[in-house]
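Feature annotations, reproduced from Swiss-Prot:
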TRANSMEM  9-29  transmembrane segment
TRANSMEM  43-63  transmembrane segment
TRANSMEM  75-95  transmembrane segment
TRANSMEM  106-126  transmembrane segment
TRANSMEM  146-166  transmembrane segment
TRANSMEM  177-197  transmembrane segment
TRANSMEM  228-250  transmembrane segment
TRANSMEM  259-279  transmembrane segment
TRANSMEM  299-319  transmembrane segment
Amino acid sequence: MITTLITHILNPLAFIVPVLLAVAFLTLLERKVLGYMQLRKGPNIVGPYGLLQPIADGVKLFIKEPVRPSTSSPILFILTPMLALTLAMTLWAPLPLPYPVLDLNLAILLFVALSSLAVYSILGSGWASNSKYALVGALRAVAQTISYEVSLGLILLSLIIFTGGFTLQTFNTAQESIWLIIPAWPLAAMWYISTLAETNRAPFDLTEGESELVSGFNVEYAGGPFALFFLAEYANILFMNTLSASLFLGASHIPMLPELTTMNLMTKAAVLSLVFLWVRASYPRFRYDQLMHLIWKNFLPLTLALVIWHLALPITFAGLPPQM
């Protein structure tokens, strides 16, 4: 009984609660960073230095009345935000921080599978809202997500060939002597840009283009369900950056200080998340055709070429005599 309680309730909660707390303070950090970059102060009224602002926002959203459009599809309308958050939380289970909750042999395949399932929550919410703006936003988001998943998958394939394993622990071991960002820097650059597009962040925030689509696929959502979408989006941003740190920035390995493993990984993920915010403050939104041109005409041929290159490398060097 106790073991069941620990494995099925306490273990998941042990990573879900910190992730949700991190998401809350990431929203505050984003508002502060954008504020200072636009030469103004961010939130600074609620609590010391505005530290209680995200908690106030969360409470406000969840005590609002959940308004539902009369013409919407009732069950799907409520189910999709729940699906979005569930998927965003499940993604964290196989991440070694330093030990995964789910120790899988094919962890990277699970990431790809679960991140492509997120498409259904977006499409479902756009369709269930029964609003043309929500549907246009959802279709854009789905096209963008599916397109950039192609390059993410191919980059992951190259890295798997490079390191020789599907688990992030293998990546950890492979990067003990050199971080993968150095030999595979073109992959790292394309991966980072693709994660920006995959998480619908500026300059790829076409789905919530305020100028033409009000707020994108979640335009009809208010209160609690909207907060669930919001939490899912920011949890995905944090997850993608933690994954990027694991794949390219030597994961969490310091041979001299194994105690600092988790702090090390979190610091790298936080720095990458700050760059996400910096990009948002600096760049204007892409046009839709430029967004699609970038992936299909630029990234796809390049990633395919690099997959072939990484396939050829081990075969080429296999014939060399061992170095004494």
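Cβ atoms are placed via backbone N, Cα and C, with glycine included.
Counting Cβ pairs under 8 Å that are 6 or more residues apart, the transmembrane segment (146-166) and the transmembrane segment (259-279) reach fewer than 3 and are not in contact.
Outside the transmembrane segment (259-279) by six or more residues, the chain places 26, 29-30, 33-34, 37, 97-98, 192, 196, 201-203, 237-238, 241-242, 244-246, 249, 251-253 with a CB less than 8 A from a CB of the stretch.
Counting only same-chain residues 6+ beyond the ends of the transmembrane segment (299-319), those with a CB under 8 A from a CB of the stretch are 150-151, 154-155, 157-158, 161-162, 186-187, 190, 193-194.
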